[in-house]
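As annotated in Swiss-Prot:
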type	residues	note
BINDING	G32, L33, N34, G35, S36, G37, K38, S39	ATP binding site
COILED	211-503	coiled coil
DOMAIN	522-639	domain 'SMC hinge'
COILED	674-1030	coiled coil
COMPBIAS	782-792	compositional bias 'Basic and acidic residues'
REGION	782-814	region 'Disordered'
COMPBIAS	803-814	compositional bias 'Basic and acidic residues'
REGION	867-886	region 'Disordered'
Amino acid sequence: MYIKSIVLEGFKSYAQRTEIRDFDPLFNAITGLNGSGKSNILDSICFLLGISNLSQVRASSLQDLVYKNGQAGVNKATVSITFDNSDKKNSPLGFENNDEITITRQVIVGGRNKYLINGMNASNNRVQDLFGSVGLNVNNPHFLIMQGQITKVLNMKPTEILAMIEEAAGTRMYECKKITAHKTIEKKESKLDEIRRIITEEISPTLEKLKEARASYLEYQKMTREVENLRRIYVAFQYVRAEEIKDRSTNALKEAQANKKKIFESMAENEKKVKELAQQIEETEKKNNEEFGAKLHSLEAAFSELQRVDAKVRSDLDHRKQNLNSEENRLKELIKIMQEEFKAFTSKEKEIKKIKEGLNGLQEESKKDAEALASAQQHFNAVSAGLSSNDSGQGTSLADQMMTCKNEISKAATEAKQAQMKLKYAQQELKTKQAEVKKMDGSYKEDQEAFEAIRKTKEKLQDEMKKLKYEEAEQEAHLAKKKQLSSEISSLRELCESIEAKHPYLRFEYKNPEKNWNPNCVKGLVVTLITVKDISTSKALEAVAGGKLYNIVVDTEATGKKILEKGQLKHRYTIIPLSKISANSIGHEIISLAKNLIGHREVHIAISLIDYNSELQKAMEYVFGTTLVCSSMDNAKKVTFDKRIMRKTVTLQGDIFDPQGTLSGGASSHVTPILSKLKTMRDAEDELKIKTSQLEATEKELANLKNMAEKYQHLKQQWEMKSEEAELLQTKIQQSAYHKQQEDLLALKKTIAECEETLKKTEESQRKAEEEYKALENKMKNAEAERGKEIKNAQQKLNSAKKKADDSSRKMKEKQQEVEALVLELEQLKQEQASYKQQSEAAQQAIASLKEQVSALEAEAVKTRESLKNAENELSSEKGLMEERTKDIKAKSAKIEKYREQNNELQLSINALEHDINKYQQETADASSTLDKLLKEYKWIASEKELFGQADTTYDFEANNPKETGQKLQKLLTKKEKLEKSLNMRAMNLLSEAEERYNDLMKKKRMVENDKIKILATIEELDRKKNKALHIAWEKVNKDFGSIFSMLLPGAKAMLVPSKKQNILDGLEFRVGLGDIWKENLTELSGGQRSLAALSLILAILLFKPAPIYILDEVDAALDLSHTQNIGQMLHAHFKQSQFLVVSLKDGMFNNANVLYRTKFVDGISTVSRHCQLKKKQPLSEASNNKDE
């Protein structure tokens, strides 16, 4: 198949219809100036072949292919190529019967394009398959060698060169298909994995569940039959038992009514007798009152008055005693405070004394520094006046100073002599005393050792006392704290109890309805389960909740039922079960509307104003979730009657607005809201817990301190005893003769030390005076020089003395201020001490006065008790006289009491009989009702009741124990009811459908898995064939590559070798030999040699599996004329079965072509002219033949 003609219209530079006809089947060349449209002819062929990479035809979009992008009146580009298909062996698939194939491709501005094959519309894929079947795959166009293609081949990696061989061998398409197949297998595998997962996680569990459901359904049917059988037996027994109860109750009722009538008659008789006796007693009492009544009344009045006076006196006495105890406690407190204040006062005095001592020291130091300053000033003045200063700083002449030194030397010598004499006497006296002391030191040593032992024992006891770390004041502090905490706890308890006593309905009490009852099931009253965030909203929240505030919250309706039936509740309550309760709570949209209407802070949903446990959410929504709370009546009115909201609202004052038109409110109550009181009680309870824990900790501390205090007191007692012993021994030691001798010895030793010190001082004074005398002599000799030096020294001493005097003065003033401040504090303490003293004196006076009052009241109480006792005796005596007169009344009263007791007993009997009558009536009615109900509910009773209780029948109650039957029936009904909740009635049908789907899915899964195995086996077989074909292609291409290269570059050789491990599947590389030298790398060749090598490889690949058409676009651009000539000859020699279209500008190339087409650019449009060159070449051929001959 080869190109016969090309028709271009509106394509790139070919604006008008241009037909290029009579293409040579072998070698065609196209030439022309640059820009004349040579390459556009090749582009048109690529365009028709269906190229997808438009950059290869030098366009960015299909519109670029239209002449001037459709701007010159041409709005479409058409390319039509006629192919010769006379070679049926190489014909495209499906076109074996066509001698010519005309293919047209047209693109219209806007991107629309279409294909036509022999005038019929065709799809892009059909055209691609047509060309692909004859080796013209335009999207991998190895038949198309464009400008730059050679350079691209030179830069190819080994794997890319291998890809070219694969494409030539036809295995590349297989590789693409294999990759696609592997991807498809992977996708299918992931789908299979998904199917396996669905089978494992969804379908299999579903099947298991359905099987279980089927088993449950079968069991349910069996259970239903058994329940029906047991129910018949049990109902029959109930019917028989109801008839028996009815008969028995009717007979018992008649008997009870007869007994009641008899008892009523006996009671009437007793009442008659009681009336007669009461009339007799009344007459007797009337007589007695006339005789004793007035006096007895007078005595009773006097006795009552004395009782009142006695109570008042005792009350006053108790009050005075309490006041006395209070004053005495107050006095103790004052005395304790005064003692503490006195300690502080004493401590402050000691501190002032200590600071004053420091101040005195500073004052003396300041005085000395001031005197030193005056002395330094005087010395400076004297030196400045020409005098020299002595040691005292006074200005004197050198002669006077020398005289003074002589006097001091003489004085020191005299004092030394006196001290020497005194020392000698003291030393002799010391020896004598020491000899006497040795004779009497035995008993003294014993006393001294005993004293030392006691002192050590005292120190040991003191250390042990310190280790205890016990402070006597600590226990008192803890006791005071305990007392305070006890008082506070008592107050808090009273507060809580008083609130609970005033509001008993805050307590919810019930009896556990069953054993092992879980109290957590009952949450409690709503009012006790919430906490108000802001007290100011309490009244509003109470209005919102209303009666629901005292509803009981429980976990389930079953819990509520048990409490109501068996909890023995003392009041009526409404139960809120969390499992059932629901409320139409106000949505966020409504709340937002209300807030936008009157302001965000002016309205809130009631539930947002309380805190509660999250598990109570439903109950709180039921009570507080349907009402809004507004700040005022105006706001509440706006919100309630707004057509978008229309919800119930409550104001902070408790006024209620209902959207139905009702308004509740009015005068506000001054009573504190219960929620506020409840918060107060909760706060008090929290504080009570804290105080109670603190009290326990304090008591624990006191218990610990008690043991420690006992140890401390024991050690302290021992220490005091040892202190007394030590004092006695010390007194004895001090009064002994040995001690006096020791004191004399110490005095002598002191005298000897003083004398030795005096000797040292006199020697030092004498030495200094002699040195000073010598210095003065030197000064006399150097008077002028010494004077300047003395002035300088005097100035330095003056400056130093001045600085020191200033410092000491400043320190003294600071200390004075500190003393003044402490004196003021001390004065304050004195005033407080005086105040406490006055208070204690007043308290003592009050105590004395109260004691007198108590004594007086005690005396008065004794008198009133005596008067009361006398009045009581007199009253008893009078009553005794009256009682003797009333013995007859008592006897009659006893009879009345007896008759009344009889009537009470008879009344109890009547009550019991009435209870029995009601019971029998109820039993009869219940039995009748049961019989009617059973007959109505079970129609079969009427026909089968004759068999009830009969032996050897279904209703044989001896064979079938009714009690056991009832229990068994109840268990089966419970089990059946439980089973019904989870029972799937469609399980049988669903299971069949599910099993059918499961089997179908498993069958499809196995088919897919088998197909996968077959595909993988086929791929493996094709891989082997591909490798074989690839080796054949490589060998053939390698051979042709060497042959073509040798022809293009005589004397040179070339080959393709595997890049790694002699395995061509890893890639192929160039090897070029020039003469006998093989080059390892193409970089060692010249540019022309490299181009020829690349071109040789391309042509060798083309030669392996020749395509019908080859297109070469200026491949000779980088070659010289000789190489170009060789290319033309090589094409004639090697490619005799394919059509070549070559674009070239060199004569050496296109002179070898059979047909030459020349392009020109005329008036902005490309034109083509055809030139046949066979005639030119013929003479050359003939000449060649003649020459050979």
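Even glycines carry a Cβ here, placed using N, Cα and C.
Explain the structural surroundings of these features, please.
In the structure as shown, the Cβ atom of S36 (ATP binding site) sits within 10 Å of 19 other Cβ atoms.
DSSP states for the domain 'SMC hinge' (522-639), grouped as helix (H, G, I), strand (E, B) and coil, give 63 helix, 20 strand, 35 coil.
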Considering the binding-site residues N34, S39, which residue's Cβ sits among the greatest number of other Cβ atoms within 10 Å?
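For the binding-site residues N34, S39, the Cβ with the most other Cβ atoms within 10 Å is S39.
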For the ATP site given as G32, L33, N34, G35, S36, G37, K38, S39, which other residues of the same chain have their Cβ within 8 Å of the site's Cβ centre?
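So the additional residues around the site are N40, T1159, F1161, S1166.
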I'd like the Cβ neighbour count for L33 (ATP binding site), meaning other Cβ atoms within 10 Å of its Cβ, all protein chains included.
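Excluding its own Cβ, L33 (ATP binding site) sees 12 Cβ atoms within 10 Å.
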Fewest other Cβ atoms within 10 Å: which of the binding-site residues G32, G35, G37 wins that one? Let me know.
G35
Restricting to the chain of K38 (ATP binding site) and a gap of 6 or more, list residues whose Cβ falls under 8 Å of its Cβ, or answer none.
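The list for K38 (ATP binding site) reads I30, T31, G32, V1143, T1159, given in order along the sequence.
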